[in-house]
Amino acid sequence: MSGNSIGQNFVVTTFGESHGVALGCIIDGCPPGLELTEADMQHDLDRRRPGTSRYTTARREPDEVRILSGVFEGKTTGTSIGLLIENTDQRSQDYSNIKDLFRPGHADYTYQQKYGLRDYRGGGRSSARETAMRVAAGAVAKKYLKQVHGISIQGYMSQLGPISAETLDFSQIEQNAFFFPDASKLEALDEYMRELKKSGDSIGAKISVVATGVPVGLGEPVFDRLDADIAHALMGINAVKGVEIGDGFGVVTQKGSEGRDLMSPLGFESNHAGGILGGISSGQPIVAHIALKPTSSISVPGQSMTAQGEMAEVVTKGRHDPCVGIRAVPIAEAMLAIVLMDHLLRHRAQNQDVRSHTPILGMR
């Protein structure tokens, strides 16, 4: 199975399954000298961790990360960083009834057809449990980006089902279980989720992620454009079915006179492009959005088939998130951080000595 690594200069490779012994990752390319401990990663892992609220899966995993290599006396050495998280709360018996049954909307059928066998326990490698290691690796990237380049990354839920944020208050994001920036909608979100859980159904969500302080010049046209790599990374998150950069699909109804980001010596007057022009960062905030589908692991009966080709009914048991978007915020942050880290190192390798006489623009 290929496709377990991302990046060229900052390379993250993950391994492990939902109900396996452990999850792990190897980070190659992290510069030496970065102060790093498990605590630097644990905060984001706790934000993603299951069982932290009544709106997420009841599976309780401490997700305590261990550094196995690449750090000496509290600093990165420039060699491969090995990270490990043990699985401690598997209940594989919950999945014994679907050993030969395909859950509609999941990867069961496609994994079976591609590999000729599959780990049916919680989806195995296709489970979002794997994203814990992406968050750990992303936390390393986030620390380097912030400490060395002053880049900050913040994600939030901008929409859950029919409920959208109408105001954006970053101080509210970490104060509620939804990572929602509009405090006036929290009661409606709570009521909506309570009714959803009663019905045994699930719902989709939209997650937004913003990176500020990104310098001009990141991105490698034409095939490694910054927005292309961001889209690639975000689409690699479980359940993501759509990615937008800047105004995204909203540009369909825009006129050229409306959507262009006008410039002056004082800076850009807008940011419809989401901080990327021609595949290269413009110095403005990078803005991306992802759409996550509702999980198909629900207690509402549905039609499917067995591995032997017989008709069957599926009622999913086990512990699942009624809205996977709630825990996707730190995952989206991590994937954006990994891409920015990779492109910073690539830019440094080729363009470190480039000096432009054009003034650097900011936001007015």
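Each Cβ is built from the backbone N, Cα and C atoms, and glycine gets one as well.
Here the structure is a predicted model, which means the values were calculated and not measured.
Annotated NADP(+) binding site per Swiss-Prot: ARG48, ARG54, in sequence order. The C-beta environment of ARG54 (NADP(+) binding site), restricted to residues of the same chain at least 6 apart in sequence and closer than 8 Å, consists of LYS197.
Shown in sequence order, ALA128, LEU292, LYS293, THR295, VAL324, GLY325, ALA328 are the residues of the chain, 6+ apart in sequence, with a C-beta less than 8 angstroms from the C-beta of ALA239 (FMN binding site). Taken from Swiss-Prot, the feature FMN binding site covers ARG125, SER126, SER127, ASN238, ALA239, GLY278, LYS293, PRO294, THR295, SER296, SER297, ARG319.
Look at Swiss-Prot and you will find 41-60 tagged as region 'Disordered'.
Note: the CA-CA distance between ARG48 (NADP(+) binding site) and SER297 (FMN binding site) rounds to 19 Å. According to DSSP, ALA239 (FMN binding site) is assigned to coil rather than to any helix or strand.
Most other Cβ atoms within 10 A: among the binding-site residues ARG48, ARG125, LYS293, that distinction falls to ARG48.
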